[in-house]
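Worksheet: one structure, shown below.
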Amino acid sequence: SRTLPGGGTSTLATTASAATEINKKKIIYLLPNIVLSLLQLARKDFEGFKKIFHSFLQAKGPSVDWAKIYRPPEDLIQPYDKIKARGLPENVAESLNKLVVVKLNGGLGTSMGCKGPKSLISVRNENTFLDLTVQQIEHLNKTYNVDVPLVLMNSFNTEEDTKKILQKYAHHRLKIHTFNQSKYPRINKESLLPVAKDMSTLGENAEAWYPPGHGDIYASFRNSGLLDQLITEGKEYIFVSNIDNLGATVDLHILNHLMSQPDGKRCEFVMEVTDKTRADVKGGTLIEYDGKLRLLEIAQVPKAHVDEFKSVSKFKIFNTNNLWISLPAVRRLQEQNSVDMEIIVNPKTLDGGLNVIQLETAVGAAIKSFDNALGINVPRSRFLPVKTTSDLLLVMSNLYSLEAGSLTMSKKREFPTTPHVKLGSSFTKVHDFLTRFESIPDMLELDHLTVSGDVTFGKQVSLKGTVIIIANHGDRIDIPAGAMLENKIVSGNLRILDH
């Protein structure tokens, strides 16, 4: 305390109390504006839902006529090597200053047994997906002395946890912006009425709402005000990708290709595609339809043609969801209300057994709305998604080296393809997966790994060729420390106990 003129005393408590009162008055003063902005967002979400629901009700029959589908002409799918061969100009920094990196960050880690946003799962040397993304962009900004910002498209599922973690990047050399996907109500499959009782996403209403797929980026980006802000700052292109695709780094050759086109022929949309393997037969592919490039997803394919769609010989490429999109073009199409995307009807069953549908769109489906759209056939290394712990094992192993947030295939691996890894249900959750490996095995010479049942790995295990390990129900197999398995099938029961 200290004595005031006139004999009164001032304490920290009374000072804090006064500050609290001032803050309360500020909040009360600002409240109408906060409520108004929330209402405006809710209204925009409702308008978006009304539009997609109306389109869903109007839809009749399949969205494509199979007889009108053609393989795209060669000039619309450029080989990456051809683009790379042109080299880079001296003013790379000028192009980078017109770029924004957007990561799709709306998904949770539930499929891998984790709570919270998937982007916060550790994938390599304690680095999360988000850590690696920040490292990549910060490295670009420092190397070329530029200002490439990172934008995260969150959902109401990931917003709170993501915003908390962003504080740790406050002193990194990059600006981070966020905006939220829309929030739409799930629909009762029988009555076609929304199941939500109010706007809350808590309690019994938790399952009533959903984020409507990454195709919502165009509307929600504009609604957030961020689209206009970035254009005002001189940004021209966004590079959009899934945050769990560790191969989706900024490629200077593709950026240069976009920036070097004459103004009248500027490419407004580039989709990175890569050669299809038997593991990718369900992936969306690029076709020519009514004279324009179009994304064809398996959900749009008539049942009679599904096998043809899955054929590696007819449809040789698939969409990596690495996309380069013109910001002014997005604004123009949003103003004209002319972003055209097919609706994906996604059936779900809620915990109580109620059958619902959610209406979604995919970001790549809008390709047909943009001028001078192009596919670029990129190396497989630009598609390195981590959807399962089998994928996680690959990226944690010595198959890859990590530098400035980017993973590259180790030079010690003699062939460029990644091994095929299939881990059983005992490894599904990240926690269980980590407890079953004392250390990640040497996989430099591995072609194929299948593991099923109760299996653990000791330290410094080496796997080569084709390795299959199967512990039947009730059995357990402990692969001993230092073991080298090459072209082996291991089955039965093998316990190693501490003495």
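Here the Cβ of each residue, glycine as well, is placed from N, Cα and C on the backbone.
Over in TrEMBL, the protein carries these features:
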BINDING   Lys118, Gln181, Gly213, Asp244, Lys387  UTP binding site
BINDING   His214  substrate binding site
Looking only at Lys118, His214, Lys387, the binding-site residues on record, which one has the least crowded Cβ, with the fewest other Cβ atoms within 10 Å? Lys387
Provide, as an integer number of angstrom, the distance between the C-alpha atoms of Lys118 (UTP binding site) and His214 (substrate binding site). 15
Cα within 10 Å of His214 (substrate binding site) - qualifying binding-site residues among Gln181, Asp244, Lys387: Gln181
For the binding-site residues listed (Gln181, Gly213, Asp244), most other Cβ atoms within 10 Å of the Cβ sits at Gln181
Greatest Cα separation in angstrom, residues Lys118, Gln181, Gly213, Asp244, Lys387 binding UTP per the record, works out to 21
